[in-house]
């Protein structure tokens, strides 16, 4: 056990967060995301919500200052977003510093970013459009 590391962060996730360099991206996905078929390393975090994991990792993770560090999937035409999902994520990400803007991109553009991500963390999140991409920055 390590002191001050949340027990929600598995050893595998902790290793991945440490191995990521600035500019690398990680996705925290909902339970329905097609992570296995997209290619990068997949980490299971079944039973945990995305917001709980964000709250756990943000004290350890510097967000990028040079490019938009937060990306979520936009709703497909004719569908709607639940604003409470983004609000929960913003709340979790605001623990260390003000939360940067979240950029929304279409579903297929998000999948393309996911293919290039350092890792995808599949959670137990059931919220529709509950996926978020974080771009790692340089530690001060």
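A Cβ is built for glycine as well, from the same backbone N, Cα and C atoms used for every other residue.
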Review point. Looking at Swiss-Prot, 30, 129, 130, 131 are annotated for substrate. Which of 55, 107 sits in that same site?
Key: 107
Review point. Cβ-Cβ under 8 Å from residue 107 (substrate binding site), same chain, 6 or more residues apart: which ones?
Key: 73, 74, 76
Check your understanding: If one measures from the C-alpha of residue 22 (active site, proton donor) to the C-alpha of residue 131 (substrate binding site), what distance in angstrom results, rounded to a whole number?
Key -> 21
